[in-house]
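The domain 'PRC-barrel' annotation in TrEMBL covers 43-111. Residues or ranges marked as signal peptide by TrEMBL: 1-23.
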Amino acid sequence: MTRFTTFIATSALVALTGTAAIAQTPALVKVADATVLPGLNVTADDLEGMHVYNTAGQRIGEIEDVVGADSSVATGVVIDFDNNSGLGRENRVVPLSGLKQDGLRLVVDLDAAKAAALPVFDD
């Protein structure tokens, strides 16, 4: 094989491997409003629209949606970050395990790098 043929074959293999990995990633859907969130004991409908704060107590956004692999099991929340939060403008998915309740506040431990690593949610 020539270098060019080897390059083309390798590129095709990488492209096919990447496509398979993407296809295996489960798509997230909005959960039903009546779905109770484990650990928080509230429904998805109760959570939507609530403000979200960082660990320093600053408001960083609000819950846009509650999502999961299917409409009956919540696994994460979609946060719509405020313009002044410094965490970007994309709606990002935070796993439920990253969401803490502090009294009446919802708190996440996020900085710009952690937020950028979270999946983007486009509905």
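Each residue, glycine too, has its Cβ placed from N, Cα and C.
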Taking the domain 'PRC-barrel' (43-111) alone, what is its mean pLDDT?
94
How many of the residues that make up the domain 'PRC-barrel' (43-111) does DSSP mark as helix, as strand and as coil?
10 helix, 34 strand, 25 coil
